[in-house]
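So the structure is just underneath, and the comments pick up after that.
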Amino acid sequence: MAYYPPSALIPIYALFLSIGIILTTLRIFIRFYHNIAPNQYRNSFSLDDFFILIGLIVVSTCTAIQFYNITHGTAGGAVSNATKKEAIIVEWKVEYAMMAIEKVAFGAIKLSLLFYYNRIFWSYQSFNKINNMLISLVALWTVAFVLADLLLCGKDIELNFALDQTVSQEKCGDKGMVLVMFAATSVLTDVLVVGLPLPYIRKLKLERRKKRAVYFVFLLGGISTLAGLLRLIFLCVAYQLGRLKRDYRAPPEAKTPRVLQAIQPTFWVMMEMLIGLWAANL
């Protein structure tokens, strides 16, 4: 049973990215409009807008990469003995590229939200101290995992996408453990970023309608976190079964655990990024 048919993935990714582009465009337009208006300095273009633009660029790049993987690779599915050699190489290259640049997208989106919090809660000193600590933590977290992914095979980068991965399995770092650790810490930082302002929202003097709109934004953040949690569940199960080893070959569908059939990590990492992009723009 195909839970994630390629014919469905392309329109889903395209639709979600289009909404993200529209939301980001509207956001930047409003920022520049206020930037030229008098007495609107708090709404001028700032670091939160800069990071959301980086996030949009990287998420768009990831989407384009996945389009290529869907048409030329395995569409994010596991490599099996029946997979063509050309598709295997495409899958390895896509996986290596995604592992590195997706971290930039996640980091940029989270930093955009954190810097945006400074606009809203600038008068709360206790909040700002915690928020600034989170900004530093997320920045270091992003850089650490980007470097970890890029240097998994040291200087021998070509080992990451060699057709025969048996040599890579021996000489490179534990890719599966890096994936699990990133997924776990991504969910943790999501909870911290989304949960930090919730106690302070009640203190804001907003109309009930506007407060509901604010809570809706955090609901989207929660949905993005849920997507990350599903990916984490997949990775934890897959790691125990050896699914994340470089030389892994998928068994027949009948022998694959149902959880590994029902959750495709590539799809959910894309959903986590795209919905996170929406939330950071609202």
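Backbone N, Cα and C atoms are what each Cβ position is placed from, and that goes for glycine too.
Taken verbatim from TrEMBL:
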- 42-239: domain 'Rhodopsin' (DOMAIN)
- 12-30: transmembrane segment (TRANSMEM)
- 50-68: transmembrane segment (TRANSMEM)
- 104-122: transmembrane segment (TRANSMEM)
- 134-157: transmembrane segment (TRANSMEM)
- 177-201: transmembrane segment (TRANSMEM)
- 213-242: transmembrane segment (TRANSMEM)
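Within the chain, the transmembrane segment (12-30) has long-range Cβ neighbours (under 8 A, six or more residues past its boundaries) at 43, 45, 49, 52-53, 56, 59-60, 63, 66-67, 270-271, 274-275, 277-278, 281-282. Averaged across the domain 'Rhodopsin' (42-239), pLDDT in this predicted model comes to 87.
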